[in-house]
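*Asks:* Per TrEMBL, domain 'G-protein coupled receptors family 1 profile' is recorded for 39-288. For 23-46, 89-118, 138-162, 198-224, 236-258, 270-290, the entry in TrEMBL reads transmembrane segment.
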Amino acid sequence: MPNFTDVTEFTLLGLTCRQELQVLLFVVFLAVYMITLLGNIGMIILIGISPQLQSPMYFFLSYLSFVDVCFSSNVTPKMLENLLSETKSISYVGCLVQCYFFIALVHMEVYILAVMAFDRYMAICNPLLYGSKMSRTVCVRLISVPYVYGFSVSLICTLWTYGLYFCGNFEVNHFYCADPPLIKIACGGVHIKEITMIVIAGINFTYSLSVVLISYTLIVVAVLRMRSADGRRKAFSTCGSHLMAVSMFYGTLIFMYLRRPTEESIERGKMVAVFYTTVIPMLNPMIYSLRNKDVKEAANKAITKTYVRQ
């Protein structure tokens, strides 16, 4: 029988053990975190105050930005603290809370991206019915589902994480409490947690990605049937930003969660995790604004109004 040990805290080994890099990493990730907060909160405010950004697409984008703020804030502050700390610890309860919000926010993001793909399908393939079919009531219902489902499925997954037992090794080879490194150091309850993690991740990623792929397949067919070259260019430009965001987020998550945890996969997973917990939330506002004429015009008007009032 394994000698199970009561856990009070874990030690997060972080990205590197080289002390000379700790301060540099702290400065870099602090800058990334500040840009993430400013970009996403700025996007939420801009959508809220701009009359030309009141369509369903921007309604969903504001909620995606909110999830990105929460996603980054769930991981980055503790990582920054541990980069300058000697102990680099996180309490057992804090670890479970971080796991809970991480899993919930991941599911929210993938399904919001799926909803945004469906919205683009409705706008391009059914333009005459778009206003009535995508009313504000429908949009609220569509955006509520990812939130309710994300928090619900995360509770179940976190309870399975709570069912893991440990035998003295409390060093988590990661910069936040993630399921794969926790499974790697656990000595009990591993099989059920490992199987459920892969099955739940596989089902949710497959289902949400199927919605995205089917929506964009129908969009491509509809666009190719358009006679106007300008119409085709405009349709593809509105979808390009979303496709870029989908590709980055799904690609990194599939690499991380749809395989069994090994020492090698966890080491590589840390580098991938940096991308989807810090870099992608920072890039999303840039992707959706730099390639979007409406957002740029709304931002210019907001800046002009601010200067005029001063």
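The backbone N, Cα and C atoms fix where each Cβ goes, and this holds for glycine too.
TrEMBL annotations: computationally assigned, not manually curated.
Looking at the shown structure, can you explain where the listed features end up?
*Replies:* In the predicted model, the domain 'G-protein coupled receptors family 1 profile' (39-288) has a mean pLDDT of 86.
Cβ atoms under 8 Å from those of the transmembrane segment (198-224) belong to residues 107, 110-111, 113-114, 117-118, 120-121, 124-125, 153, 156-157, 231-232, 235-236, 239, 243, 246, 250, 253-254, 257-260 of the same chain, restricted to positions at least 6 beyond its ends.
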*Asks:* Restricting to the same chain and to residues at least six past its boundaries, which positions have a Cβ under 8 Å from a Cβ of the transmembrane segment (89-118)?
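*Replies:* Distant Cβ neighbours of the transmembrane segment (89-118) are 7-12, 57, 60-61, 63-64, 67-68, 70-71, 74-75, 78, 82, 142-143, 145-147, 149-151, 153-155, 157-158, 161-162, 172, 176-179, 182, 204-205, 208-209, 211-212, 215-216, 242, 245-246, 249-250, 253.
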